[in-house]
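Swiss-Prot annotations:
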type	residues	note
BINDING	ARG22, GLU86, ARG125, LYS457	(6S)-5-formyl-5,6,7,8-tetrahydrofolate binding site
BINDING	ASN231, THR250, ILE252, THR255	K(+) binding site
BINDING	231-236, 250-256, 275-278	GTP binding site
BINDING	SER235, THR256	Mg(2+) binding site
DOMAIN	221-381	domain 'TrmE-type G'
Amino acid sequence: MGEETIAAIATGAGEGGIGIVRISGADALQVAERIFRPRRGRPLGCRRSHTVTYGWVVTPGGDRIDEALALVMRGPHSYTGEDVVELQCHGGQLAVRRVLEQALQAGARLAEPGEFTRRAFLNGRLDLSQAEAVVDLIRAKTDRAMAAAVAHLRGSLRQAIGRIRERLMEMMAHLEADIDFPELELEVQTREEVAAGCAWCLGEVERLLGGARTGRILREGLRAVLAGRPNVGKSSLLNRLVRENRAIVTPIPGTTRDVIAEWVELGGVPVQLFDTAGLRPTDDPVERIGVARTHEALAQAHLVLVVVDAAAGLGPEDREWISQLPQGAARVGVANKIDLNPAFELSALREALGGAPVVGVSAETGEGFDALEAEVARVAGAFDASEELLVNARQAEAIRRARNHLRDAQATLESGLGDELVAIDLRAAWMALGEVTGETAGEELLDQIFSRFCIGK
């Protein structure tokens, strides 16, 4: 893969002030020289690294396509670790595409998705956790998600994994030396010292796994579902929270027949709000489909906003559907239309929710919405991102396997079985953790990871 010179558009689709075509590989400078004419001075191949040259992108016949800046970055001090040239032209779709076409005609190959970052990984510029952080940084929706991605890009996860693997390697070396050379009087760790090392590694692994759910929330968003009986004002609540008229609102019960999703940021966490069909028995086949989708949304929710009509009071129908809510999600009670019944007893709703927090609001006047947003932000903030070691699903799966192997090693030590069995478990944990940083990752895993990238990254 690394022997070919590749090129791709590195900026997003659509019109913009600047468009970038990235070229990387052993012949990147030669390819760029064939299509770029400096306004004055030496050709690109004679330019120093990390310099900018003004000129024109031209056809083989010398016709000018667009004026551009050429950035020369010689390997290994570039993103990919190879010679890289970036051509910055005007950001029109046609202009950027024409520049890319010239680069391909001059000898470059169109890059595959994620191929630039894959080359950075293969050339030792990034480990696998840092490569994945590039995607997280691009897709970050909040400051907290961005901070976590930047921490991984700096190598925080690599360093944490490295410390655990180093300790595992030290224990393996002592155990295997004693196994292979029993006749020598080597200074080796006692089984008690190995057990203490396993306990330390297990504690570090558990700490990393503690950030798995938070990492998923920051990447994918907190799923907050507005649920309640028909005509309690769920759609009005959604519109007020997202500050636009996104959902249709009428006084007719059952207006909302499908799930509507909108994004909002609260507490530094991206929150995806779902307006749902009202929960009630119905003979209407379309409404039944909507109610079924409401139950599907509830099953996947991180937070359920339990909406009741304060003007009508908390009735037995409300208590019935509240009692049937799936377990696992956080809950916040919302008594809407509180302006029509200021005497509504919030304590009754709190009791029905088993002590969950409740707020009284009015989607009509905006009363109580600061308190509601604060409660949602509190739930979102409960996913602590302070350590910034927020692993993704793939990384968590590898770390869980390492945890299982460490537990097996502990059990082997406690049972008094041979050191060779302990060493096998420790090596398996060491290998599993290596998948996080890519040190023990195979081609199939790399293909899977880098296929998530866009072309040009």
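Keep in mind that glycine also has a Cβ here, set from the backbone N, Cα and C atoms.
Feature map: annotations from Swiss-Prot on the structure.
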| residue | record | contacts (Cβ under 8 Å, 6+ apart) |
| --- | --- | --- |
| ARG22 | (6S)-5-formyl-5,6,7,8-tetrahydrofolate binding site | ALA7, ALA8, ILE9, ALA10, VAL84, VAL85, GLU86, ALA111, PHE116, GLY456 |
| ARG125 | (6S)-5-formyl-5,6,7,8-tetrahydrofolate binding site | PRO76, TYR79, THR80, GLY81 |
| LYS457 | (6S)-5-formyl-5,6,7,8-tetrahydrofolate binding site | ALA10, PRO113, GLY114, PHE116, THR117, VAL134, VAL135, ILE138 |
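Apart from ARG22, GLU86, ARG125, LYS457, the residues listed for (6S)-5-formyl-5,6,7,8-tetrahydrofolate, the same chain places the Cβ atoms of ALA10, SER24, SER78, TYR79, THR80, VAL84, PHE116, THR117, ALA120, GLY456 within 8 Å of the centroid of those Cβ atoms.
In the structure as shown, the Cβ atom of ASN231 (K(+) binding site) sits within 10 Å of 18 other Cβ atoms.
DSSP gives ARG22 ((6S)-5-formyl-5,6,7,8-tetrahydrofolate binding site) a strand state.
Distance noted between the C-alpha atoms of SER235 (Mg(2+) binding site) and ALA277 (GTP binding site) is 9 Å. According to its DSSP assignment, ASN231 (K(+) binding site) is coil. A sphere of 10 angstroms centred on the C-beta of ALA277 (GTP binding site) encloses 27 other C-beta atoms. Within the set of binding-site residues (GLU86, LYS234), the lowest number of other Cβ atoms found within 10 Å of a Cβ is recorded at GLU86. Maximum intra-site Cα distance, (6S)-5-formyl-5,6,7,8-tetrahydrofolate binding residues ARG22, GLU86, ARG125, LYS457: 18 Å.
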